[in-house]
Structure formats: structure tokens, C-alpha cells
Amino acid sequence: MEEQDAAKPTSERHVPVLKDRCINLLAPGFEAARKRGERPVAIDATLGMGGHSEAMLQRFPDLHLVGIDRDEEALALAGARLEPFSDRTDLVHAVYDEIEDVLLDLGVPEVHGILMDLGVSSLQLDERERGFAYSYDAPLDMRMDTSRGQTAADVVNNYSEDELVRIIRKWGEEKFAGRIANRIVNARAEKPFATTGELVEQIRSVVPAAAAKSGGHPAKRTFQALRIEVNEELDVLERAVPAAVAATAMGGRIVVMSYHSLEDKIVKSVFQAGSKSSAPLGFPVELEEHKPELKTITKGTEVPTAAEIAENPRAASARLRAVERIKQRRDA
């Protein structure tokens, strides 16, 4: 069965992470819109291959969906998958921190649900030539949008040793960042890096075997760091979560799945800030402008069940947070 599945196109094998749980969390936002006589509108801010969007469109026949992705290949695959719902979808090639501009272009004033499934997609991991995976040799690219921007090869071949230490330590949380950066600089002096295999070989040579046994593949953290740097993932996320909050209608919900602590920290910070009163400490009365915008729906982060991980092993590291808007938008 596994071999047969592996032979199928990625789009056919794709199982959306925590699909039912995400949709159940978003559903009350759509119902709030209906009660006001409005047609519910959702944004899938990280469309990928459209699995979550397809499930939402199937479950909610009145839903209009805006799908956003920076990956043109993913956008094309999702477009084919969502063709039966083409009269209820707008698919946009954009980065998800551009929510405000996307909605402005579409003439959509606000939305009732936003889903963000962060990190690298199944398509990007499975398409070898994209260079996201360390398990096989491929061009050292790692761009989510292959039409623009620097590649991972540009980073490893051109960044100074200090810059490499900084990003590998900060974005990869790699304790051997110094050794790895030094090895990269020495190796590229002889021959510039062109493939993932060449990079993995050099990383293996300096990461102790004992550390690899306890911490997973020795290149895992460095590849994460390079991917984040190439795609400016955390900078985008820092802009995207506030943009999502600003675009969400009263009673609407935002659901975010993150896959490592750096992502979750950003999401948590924005959600917590929006869920607290802004009244000065000791202020006798909470004025309307001081009331929180958001209500936390999940208790901290929710994690996958054993059944959800069995359905999709890539869900294992997922961390889910959800909030609801409980205060009118400033421009509403």
C-alpha cells in the first residue's frame, strides 16, 4: 500500500493536517455571519494543494473562499482540485501577509474565518527538485515562490560565517551552528554548494553522531534555518497574524497551525495581546476602546491525537491555536 501511495501524485496522497478539527473551530464564525444575514467568507491563507479548502467548501455550500499561496505550482494544483467550486472561490498568487491588499483587490470588506497552516507544504517536501528535503539530493533552492528571491545556495555560498552562525542558531535553534557555519565556509572555498546532498555531507562531518541519534537528522535544524531565511517566513508571519486579526469580522475566527516553537511564539504573542484589556493598570473603569478584541478558543496549544497522527504522520509536530473576534473592527 505504501509503495502504491508513493507512486501517486502528491495531490492525491495529500491528507490535510487536523482537517476536521480546524473546520469545526471555524464553523461558528460562519454561523455568526449567517445570523447577521451575511454570506460567510473564509480565507485559506496558506492554500497549498487545497485540501482544507475543499473540505470547507464541501461542508458549507454557502461559503465563499479566498485562497492565497505564494507557490504558483501549488496554486495550479489547488485550482484543479477546487474547479467544482470555481463559482465560490478566488485563488490569488500572493504571500499571506498581503491579506489586506488581496481583500481590497477583491472588494471584500471583511471575512468570517481565516486558516493558516504554516511551514513547508507536502508538495514542497515531496517535489525533490525544490530542495526542501535533506533525505535526497536535489538543487539547493528552498524557495516557496520560485519566480523570485534568493535560493538556499545563494545563502550558503555568499553569507559570511558570522551571518551563517546567526541564522542557523536563531532560525534552526542548532547548538552546533558555529561548527556547521565554519565547515560550510571552508567547503565552499574549494567548490560552491549546488545541491542538498553536498550540504548534508558537510553537516554530517561536524555534527557528533550522538547528537544526531537524539536530535534527529543532523541536517534537520540547518535546513529549517535556511528555509526560514530564504522565504523570510517569520518576518512574514509577524505581519500576517495582525493582518488576519484586522480582517476578521465580529464573531469570526482565526485558526493557526504551527510546527515549531519560533512560529508558535509569534502566534501566541499576537493572540494573547489581543485577548487582554488595554486599560492602564489600576484604571477604575474599562472603556470600550480598552476592551479586548479577541477571545481565546483553544486552551494554550492543542496537539494532534494519536488517531490524527496515524491519518497523517506530518501532523505529529502541529500545534494549533484559535481565537474569535469579540469586538467590532475599528473600520467596521
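Here the Cβ of each residue, glycine as well, is placed from N, Cα and C on the backbone.
Bear in mind that the values here come from a model prediction, so they are computed numbers and not experimental data.
Per Swiss-Prot, the features are as follows:
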BINDING   Gly50, Gly51, His52, Asp69, Leu103, Asp117, Gln124  S-adenosyl-L-methionine binding site
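Feature map: Swiss-Prot annotations on the structure.
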| residue | record | DSSP (3 states) |
| --- | --- | --- |
| Gly50 | S-adenosyl-L-methionine binding site | coil |
| Asp69 | S-adenosyl-L-methionine binding site | strand |
| Leu103 | S-adenosyl-L-methionine binding site | helix |
| Asp117 | S-adenosyl-L-methionine binding site | strand |
| Gln124 | S-adenosyl-L-methionine binding site | helix |
Listed binding-site residues (Gly50, Gly51), ranked by Cβ neighbours within 10 Å, top entry: Gly50
Binding residues Gly50, Gly51, His52, Asp69, Leu103, Asp117, Gln124 (S-adenosyl-L-methionine) - maximum C-alpha distance in whole Å: 26
Neighbourhood of Gln124 (S-adenosyl-L-methionine binding site), C-beta criterion under 8 angstroms, separation at least six: Asp71, Ala74, Arg130, Phe132, Met144
Neighbourhood of Asp117 (S-adenosyl-L-methionine binding site), C-beta criterion under 8 angstroms, separation at least six: Pro16, Val17, Thr46, Gly48, His52, Met257
The one of His52, Asp69, Leu103 whose CB sees the fewest other CB atoms within 10 Å, among these binding-site residues: Leu103
